[in-house]
Ligand code: ACO
């Protein structure tokens, strides 16, 4: 059996910086409240018509492919994780195949929200381990800003999320002690509505809402989050799934060189850091700059960690995420 390893990473964020102060001009909030509760100082929002979820993913992918040192036609499969696709259907995977001009390889869309990138690399890893594909392009990209309620009504959700994309190229690794050692995935759908966007879905579409019910202000078109409930579940599940991954590989927290947690909230990352007794150098956070970019947060953070030489050959790198679904997961990687 083969292993898979990450050989190229890239990220893209829009130039448009939206500070907490900027938000306080359009809703009743403050820099102090946002920083104290979430650690976020600013986030990026696309300029409408300049970027889409797909275009950001494509920009990140081009960088990852170039850094991987392969040609786009060496890609055997595409996995795209997002909760904010350009279209209701088709999903963005095929749009990446089109826009990168890759030959007619398979393209798969992964939902799973904040855990989307972990699920996506797990899928890629299995295809590579089985020998079915050699090079798989994995993208996490999100465009939140156009779907948020930017009034005081939506403030507890809309201050948290930002736009951006990250990508990774995974390839076959013959040395079984290197690369993605294991991935661990979970779900608990009984809490689906605690962090959700109900519409548009087949149960709630514009046509019935707007035309038949004449209710354009329907809040179900904006994301809903039961913040404290999500927080409590996140800290428990993050911890569990990191321990599960370490145990599966006969490793302990002491062995972690770098933890890259999904950038949900700085307080969640700090809780995990303290629980595992990790130093600041062992945990990579960039939520301060980008907010929570859901499926894009881990590949953006991993790319920045790699670019700043925080990921070195032989390091034990742990990725972990928790999010809407609820879904959660981890990946244990020997770099
Ligand atoms: N600015 C100012 N005041 C606000 C804002 C805001 N942006 N948002 C809410 N408030 C107010 C509320 O109206 C409330 O006022 P009240 O006491 O007068 O009713 C007060 O602040 C407290 O609101 P809570 O929702 O109880 O605030 P809480 O301390 O729980 O913080 C937060 C909210 C930051 C969302 C927190 O619950 C949290 O971090 N939850 C974790 C969820 C998370 O990380 N989600 C990220 C996305 S999900 C994911 O990635 C997994």
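Keep in mind that glycine also has a Cβ here, set from the backbone N, Cα and C atoms.
What TrEMBL lists as domain 'Beta-ketoacyl-[acyl-carrier-protein] synthase III N-terminal' is 108-189.
The active site annotation in TrEMBL covers 114 (among others). Take the CB of residue 114 (active site) and look out to 10 A: across all protein chains shown you find 32 other CB atoms.
Look at TrEMBL and you will find 246-335 tagged as domain 'Beta-ketoacyl-[acyl-carrier-protein] synthase III C-terminal'.
Classification of residue 262 (active site) by DSSP places it in coil, neither helical nor stranded. Residues or ranges marked as active site by TrEMBL: 262 (among others).
Long-range Cβ contacts of the region 'ACP-binding' (263-267) within its own chain (Cβ-Cβ under 8 Å, at least 6 residues beyond either end) map to 37-40, 114, 160, 231, 234, 285-288, 290-293, 297-298, 300-301, 321-323. What TrEMBL records for 263-267 is region 'ACP-binding'.
Look at residue 292 (active site): DSSP puts it in a strand. What TrEMBL lists as active site is 292 (among others).
Mean pLDDT, taken over the domain 'Beta-ketoacyl-[acyl-carrier-protein] synthase III C-terminal' (246-335), works out to 97 on the 0 to 100 scale. For residue 262 (active site), the same-chain residues 6+ apart in sequence whose C-beta sits under 8 angstroms from its C-beta are 114, 115, 117, 118, 294, 297, 298, 320, 321, 322, 323. Residues within less than 8 Å, Cβ to Cβ, of residue 292 (active site) and separated from it by at least 6 positions along the same chain comprise 40, 114, 160, 161, 162, 263, 264, 265.
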